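Structure first, commentary second.
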C-alpha cells in the first residue's frame, strides 16, 4: 500500500544542531500513527517539516504519491493537512470563533460579502459552537470570549476542534492531551477514533504511553533525529517502547514491523 | 481485591457521564472597580471617550459659550483633521505591533509631488494628484517590504525612511513653496479638501468629513472583514497567526502600503488646510499621530485597541489645545497636560490588560 504522506531523507539543521538527520517517515491511509521519542529527538521538527512550518534543508515530502513542496503552513492546509501545534497557534485577544476560522473566514452571501467583504459572524459562531459541542467542551460559556480568558485545557480543546473541523487528508496532533484534564483527554481520544472512522489518517505525537498504546495502529520511534524503528503496539509493551526511545534496548530490525 | 482494580480502571468512563449543562458561575467577587475594569477590557476605546466628554464639559463650564459653540467645536475638528488622518494610518501600523515614524514625511512628500507635478511639469492636476497618492502608497509599500520580507524592526525601517523621504522632499522641491493664490487660480483641485460646508454656525471642511469617513471605513474593515481580523492576529502573535493560516507578510505589507496611501491623502488635505504646498510643513505629524494613538488606548505592543479610540485621542488633543488657548493659558500647559495624558493612557492600558475575565 502506498503511504498517503511520506518523507524521505529529510534533513533539518539549526546552526550546528541537527534536528533531522536523513529521516524517513510514512503515514498509511486510514491509520493512527503515533510518533514517540525523547525530548529533543526531533519529533516536532519532523512534524513541522511535513506540515510546512519549517522548510527542510534536504529531502522530499510526498502526499498521495505526488511530490509536494510546502513553503508555509498555508500550503499544507490548502492540501488538507491540519496541524495542532504544541503552542496551539491562537491569537489570545481574538474570540474563539475568530480563531477557529482564522485564514478561512466565511463571508456573507450576496452584495455585503462580495463587495463589502463582510464576515458572516452568525454562521461562523454557529459552526464553532457546533464543533465545540461535538468535542464536549460545554464549559465554554461564550463563543465570543477571547481565547486568553480560557483555561489551558479549553484552549487545547478549541485547537483540536479547529483541526478536526477542517482537516480533510491528514490531521497532525502535537501533544494534544498534554494540558487536558481526565475528561477532556478522554474526549480528545474519542475524537481521534471518530476522525479515524471517517477514514482520515492521524499523526499523534505524545509522551503519554497509555494513550499512545490505546489508539495507535503503529508507533514510529524517533531517536537522535532519525526513525529508529516502527513497532506494532500489539507486539510490544510500553516499557519496550520507552526502552527503544531512550536507547536502553536495541530496536528490532526495520522490516519486522514496517 | 479484584473488586477495587475493576473500579479504578473505569474512572475515565465515569468522567464522561457527567452532566453536560453549561457551567454558570455567580459573579459576586468583582465589585465596582472590577466591573469598570472588565468593561474597559471589552471596550478599550471607552477611556478616551470618557476623557473627551469630560474635557469638553470642563472647558464648556470654564469658558461658557466662547468654547461651547458650534463654531469653536467645529474649529477643533478642522484643527485635528490632518493629525486625525495621519493617526488613522498610524493606528493600523501600531495594531500590527509596529510603528511608523515616516508618516509625516510621506505626507509632505506626497503633497509636494502633487504640487510640483502640476506646476513644474504642467501635468493635468488630476494626474498629479494620482501620482502623489501613488507616491505615498509606494513609500509605504517599501516600508512594509523591509519589515515583512527583510525582517528589519519597524522602528529602524521607518526612522531611516523618515530621513530619506524628508531629504528627498527638500532636494526635489528645492525648498520652494507653491503659493496659495497660484494654486487657487490654476489648480483648485489641490485645495479640494479645503472646501467648506456651512451648517448654521458650524463649519465643516471636506478634510474633516474625509477624516470621519476614513475612520468609520477603517473601523468597519478592522471589525467586519477577514483582513481586519488578520491585522489584529498579526499584532497579537505573528507566529501563531502564521501557523493558523494567516499570510503574515502580505498582511504587513498591505498595512504599511495602506498607511502610506492614507498619509498621501493627508498630504492632499494638508494643501487644503494651509492653502499652499510647503515642503517644510507637517514636521511634527509623526509624534502627534503617535500621541493620538496612545491616548486613544491602542496598545503599542499590538493587537489591542480600536481606531475609534484614535479619533477620540486626536480630538482630546484638539480640545485641550483650543480650550487652553481660549482660556489664556501658556501653550506649554497644553504640552504638559498631553504628556500627563500619554503616561496615564499607557498606565490604564497596563491595568486593563491584567483582567483576563
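For all residues, glycine too, the Cβ spot is worked out from N, Cα and C.
Pulled from TrEMBL, these are the features on record:
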{"type": "TRANSMEM", "residues": "B:46-68", "note": "transmembrane segment"}
{"type": "TRANSMEM", "residues": "B:80-107", "note": "transmembrane segment"}
{"type": "TRANSMEM", "residues": "B:127-148", "note": "transmembrane segment"}
{"type": "TRANSMEM", "residues": "B:155-172", "note": "transmembrane segment"}
{"type": "TRANSMEM", "residues": "B:204-222", "note": "transmembrane segment"}
{"type": "TRANSMEM", "residues": "B:252-271", "note": "transmembrane segment"}
{"type": "TRANSMEM", "residues": "B:283-301", "note": "transmembrane segment"}
{"type": "TRANSMEM", "residues": "B:308-327", "note": "transmembrane segment"}
{"type": "TRANSMEM", "residues": "B:333-352", "note": "transmembrane segment"}
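If you look at the transmembrane segment (B:308-327) against the transmembrane segment (B:204-222), you find at least three C-beta pairs under 8 angstroms, all six or more positions apart, and that counts as contact. Packing against the transmembrane segment (B:283-301) from elsewhere in the chain are residues 44-45, 47-48, 51, 82-84, 86-87, 89-91, 94-95, 97, 99-105, 107-108, 162, 266, 307-314, 316-317, 338, 341-342, 345-346, 348-349, 353: each is 6 or more residues past its ends and has a CB under 8 Å from a CB in it. Between the transmembrane segment (B:155-172) and the transmembrane segment (B:46-68) there are fewer than 3 Cβ pairs closer than 8 Å, counting only residues 6 or more apart in sequence, so the two stretches are not in contact. A contact between the transmembrane segment (B:80-107) and the transmembrane segment (B:127-148) is present, since 3 or more of their C-beta pairs, 6 or more residues apart, lie under 8 Å.
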